[in-house]
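Taken from TrEMBL, the feature active site, proton donor/acceptor covers Tyr120. If you look up TrEMBL, you'll see Lys150 marked as active site, schiff-base intermediate with substrate. Here TrEMBL flags Thr29, Val193 as pyruvate binding site.
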Amino acid sequence: QINLPVIRQYVDYLVNEQNVKNVFVNGTTGEGLSLSIQERKQLAEEWMGQGKDKLDHVIIHVGALNLPECQELARHAAAIGAGGIAVIAPFFFKPTNKDELVAFLQKVASEAPEVPFYYYHIPLLTGVKIRVEELLDGIKAQIPTFQGVKFSDTDLLDLAQCINKNETGELEFLYGVDEQLLGALAVGANGAVGSTYNYLGRQTNSMLQAFAKPDLALAQKYQFLTGEFLNFVIKLGFGVAQTKAVMTFVSGIPMGPPRLPLVDASSEFIVKAKAKLDSIVWPDGD
């Protein structure tokens, strides 16, 4: 079951301990697609309520397999004052070309006409591999609220071409593959959404600051160490359940088990992952 009372503690932890002031609610790590519509609304409301005057931006993922649910969630997000909404491509009956995908996204975005709209590109999970570069052509005319993309793919060529097209700088490209963030920053990504920022937010902020200076060598150190941890846990088997376990032992906040068909992380994983993370010496001395 969803655990609403823990969100207040969660918000305070992100802001005070990780210096993370923007959240993406009901996405992949939050198991949004495993939740009922009512549960997703309750979570969105709780994050908006607890984040008031503490968080800068709350983007709510409203994607679902069917259009009416997406639209209902979009209307709800607008009603509670969300800073943005995001939508993945439907992934059972899939759009096969750009026009089909844009038509679907437009029908969702139009239900929240004052709310910035993001396309959530995650082809590894949706199987929808329409290149974002192609998607951008003419999209503003059809979706006036289009604000950018949560780009969760390793194709940095596609990302770079998107950023090259964004000459006015009005769009945002938020990168979603944490272990490659530095590469995405180098081609022009201007933000990131990812699961590791729940527990490595401070270190990632330090990497962003180093990159902005620019101190590339220092930024590389942070990225290499994040990669060292992720490479280690990926070999053990790393998914949403394991991310919850890591966040629990780092933050002390009980993240709970995942919902079936996912199963809880093993105690062996927790012991090994904790030992690995504890062994990493970050440049800031942490």
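Quick reminder: no glycine exception, Cβ is built from N, Cα and C everywhere.
Everything TrEMBL records as a feature, shown here on the structure.
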{"residue": "Thr29", "record": "pyruvate binding site", "Cβ contacts under 8 Å, 6 or more apart": "Ser195, Asn198, Val240, Thr243"}
{"residue": "Tyr120", "record": "active site, proton donor/acceptor", "Cβ contacts under 8 Å, 6 or more apart": "Gly27, His61, Gly63, Ala86, Val87, Ile88, Val149, Lys150, Ser152"}
{"residue": "Val193", "record": "pyruvate binding site", "Cβ contacts under 8 Å, 6 or more apart": "Phe24, Gly27, Ile59, Lys150, Ser152, Leu174, Tyr175, Gly176"}
